[in-house]
Amino acid sequence: MKSIGVFTSGGDAPGMNACIRSVVRTGLSLGLDVYGIKYGYNGMIDGDIYKMKSYSVSNIVQRGGTILKSARSKEFMTKEGRAKAYEQLTKRGIEGLVAIGGDGTFTGANIFHEEFGIPIVGAPGTIDNDLYGSDYTIGFDTAVNTALDAIDKIRDTANSHDRVFFIEVMGRHSGYIAIQSGIGGGAELVVVPETSITMEDVINTLKEGRDKQKTSSIVVVAEGGDQGDAHQIASHVIKELPDLDIRVSTLGHIQRGGSPTSYDRILSSRLGMAAVEGLINGEKNVMVGVINDKITYTSFKLAISKAKPINQELMRLVEILSI
Ligand code: F6P
């Protein structure tokens, strides 16, 4: 293999730049040509591709977002779109790909590999931490710390006004950001899609807190849960406990930006290097990950289809710490 391409796709995540930098510099150090593909699969289809040098990735290790830009491509979901993308790659002699993204990215990569045989190694880049095959994904640690910082600030005002706050965090269908920021932020309750917490449980927890003279409470809600979003849960609770002064705060996309934490920079750099080395050593159709601090390769199929369960010990911890 003499030439590889790298791209970021799906929701951006802090640390993607550190991963791109690592892919480029590992590739160059192995004597490869490295091409940057902009806007994910869209740029692959359109030929928005350029040769990267070492200086192309200077001064980006500390920056959030992705210098290669990102997109969710509808056209790549069609066979014609994928054929166009393949043509663009072969035109430039690109023989292998590093795909930095989440489950949508790897679903596309898996089909692309099966149809055209091009070797692809994925690096898990999503704040959601919802990919089987890696204990942590690029951007998750930063997103948790951003959420935590917001929770700390909200706690100050909640406390001053004796209020209950419902704080919604991201995670699509996964409660990882909620559980970690909830524990770190001292939440009374964490509502995540992976558990069967009912509206009754939420009401009972807040009632118990009130009866124990708790003057303010924080409930962290993961988006995408069965109970609805934070506004829906809060409006239900207001009806049942009208004496509580309730507010809702949705943290939204601030969780996706910002300078990556040291953990994310190192994780991203390790994954980038291992992705390129994997490609060179014949890995294909796999996602590189870190499990128990060791580099591993998991097939795309498993990474996207197998659920990564929330550690139940953490759920128990929330309960114990909020008495
Ligand atoms: O997958 C990352 C993520 O930030 C999810 O947590 C969230 O549900 C989704 O992307 C939001 O997507 P968009 O930026 O397209 O609104």
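Positions of Cβ are set from backbone N, Cα and C atoms, glycine also.
Same-site candidate for ADP binding, as annotated by TrEMBL with ARG21, SER22, VAL23, VAL24, ARG25, GLY186, ALA187, GLU188, LYS212, LYS214, THR215, SER216, chosen from ARG155, ARG172: ARG155. Per TrEMBL, ATP is bound by ARG72, SER73, GLY102, ASP103, GLY104, THR105; the candidate from GLY11, GLY15, GLY171 named for the same site is GLY11.
Contact annotation for binding-site residues (GLY11, ASP103, ARG172, ILE254) versus ligand 1: GLY11, ARG172, each with CB under 6 Å from a ligand atom. The number of other Cβ atoms within 10 Å of the Cβ belonging to ARG172 (substrate binding site), over all protein chains shown, comes to 16. Secondary structure from DSSP puts ARG247 (substrate binding site) in a beta strand. On a Cα basis, THR126 (substrate binding site) lies 7 Å away from GLY11 (ATP binding site). With respect to their backbone Cα atoms, ARG25 (ADP binding site) and MET170 (substrate binding site) stand 32 Å from each other. For the pair formed by ASP128 (substrate binding site) and GLY102 (ATP binding site), distance between Cα atoms is given as 9 Å, rounded to the nearest Å.
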